[in-house]
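Heads up, the thing below is written out as structure tokens.
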Amino acid sequence: MACGGCSCEAAVGATASEAYLEGEPVREARELVAELCRHFYAQGWVTGTGGSITVKVNDPAVPLADRLIVMSPSGVQKERMVAEDMYVMAADGKVLSAPVAKPWPNKPPKCTDCAPLFMKAYLMRGAGAVIHSHGMETCIATMLNPGAKEFRMTHMEMIKGIKGHGYRDELVIPIVENTPYEYELTDSLSEAIAAYPKATAVLVRNHGIYVWGDSWINAKTQAECYHYLLDACIKLYQLGIDWTTPEHGPINNAKRQRSILSSEIPNGCRAADSSKCVVLDIEGTTTPISFVTDVMFPYARDNVREHLTSTFDSEETKDDIKLLRIQIEDDLRNGISGAVPVPPDEAGKEEVINSLVANVESMIKADRKITPLKQLQGHIWRTGFEKKELQGVVFEDVPVALKNWHSSGIKVYIYSSGSREAQRLLFGNTTYGDLRKFLCGYFDTTTGNKRETRSYFEVSQSLGVDSPSQILFITDVFQEAVAAKNTGFEVIISIRPGNAPLPDNHGFRTIKSFSEI
């Protein structure tokens, strides 16, 4: 089929033979996209020529990454779509075949404006198909909280239809802001895909949703589940039911019942009257555990060799290696699983790095809270943030709370197992912007083990309060709560999706959002 002039990235190329383009696999893919367009039009997802669909040609003889791409055009009535309307592209997005122009009143053929966004899903996630829907529920769900950067839901049966999720899991869909032109969304969608490795969809506020899957069946199934869940969210909102918690109780019920809340502070977020300082844990308190385990830890693990190799002779890395050697020698004496000897420097750079990588990978796998590991991770993450390969994630109630505490004159500090540098990087590069202006200081394991009472005494001495009771500590870890309480801190335990269960009769006040404080 000859090209009739297309506005996509590249002109028609000759990288695939005419015979293959006219062959059975490509023909079936064209017909499939046309059929899906008609089906989704009936669903209300692609009305008014909006929305688009693309699939990879199903040819088992060709690796998925190299398969041709079939993509629906722009400006064509989806309910009247036929196979001949489709564009066929190479795996890199180069157009190989374009539709023939039709007589007036049909518009000249034009490749979908979604093409660069579709290519991001193909290249970054190895997708087999991508669906862009303008379904009403995908727009309204993003309007319920105009400031939210994520959509969250848990304990709904249809969550099981989303890849990698179960009934009890928390579904998280990143939300990016709309732009006047579709192609202008490319960078923000790319950043969201990178920041949320478990996600198979991105919502565009007041616009729609992009959904991808390993195959057209998987993408279609997930798209149907997403639309169901977003529609359920809207209906639950109308009923005053909270879709973000396992109990699905009344929205803000806890907030309404607590007399501690102040009408002067929007959304609560006011510390107890006696508190002069708030000390926050990160993982499971300000930030989802999944972000740390699924993004931060894997990034450090996957980049430790490159980091050590490229910075081996720097003073900073020499110090990191010195601390690791001391820790590993101690681990070997104590029979710690996964510890392997580190050869002397005379053995050569490569041998030293190989042994260090093996030890670090073992430490990360065991989630050890030790200073040498945390310091090295912080230096690796710094590079990730500088390269924009990492972006900090916090729960949506956190920025509001930090701002309100700051406005009320309450000083806020962080106490985390991660290094102080890593803490600053995370809060300085969040999806909500730089939050460090609301923080007064940072504590890490150099202050002491977070499960030991002595550590909280050291924190209280550093903060200069008259009494430890003037410090409110919020954490998700029971043992940390006990240690802080034994020092005299006021303590609240954070209940977030994915956090470890608490023992029965633990005796601590719990919250699911900072808005309850």
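The backbone N, Cα and C atoms fix where each Cβ goes, and this holds for glycine too.
What Swiss-Prot records for the substrate 2 site is SER416, SER417, and among LYS349, LYS365, LYS387, LYS450 the residue it adds there is LYS450. Of the residues proposed, ASP66, ASP85, ASP476, ASP504, the one Swiss-Prot records at the same Mg(2+) site as ASP281, GLU283 is ASP476. Together with HIS132, HIS134, Swiss-Prot lists one candidate of HIS155, HIS165, HIS207 for binding Zn(2+), that being HIS207. When the Cα of HIS132 (Zn(2+) binding site) is compared against those of the binding-site residues GLU283, SER417, ASP476, the shortest separation belongs to GLU283. Residue environment of ASP476 (Mg(2+) binding site) contains 22 other Cβ atoms, counted within 10 Å of its Cβ in all protein chains. If you measure from the Cα atom of SER417 (substrate 2 binding site) to that of ASP281 (Mg(2+) binding site), you get 9 Å. Proximity to SER416 (substrate 2 binding site), judged by a C-alpha distance within 10 Å, picks out ASP281, GLU283 from the recorded positions CYS114, HIS134, GLU157, ASP281, GLU283, ASP476.
Nearest in space to ASP281 (Mg(2+) binding site), taking C-alpha to C-alpha distance over the binding-site residues CYS114, HIS134, HIS207, LYS450, is LYS450.
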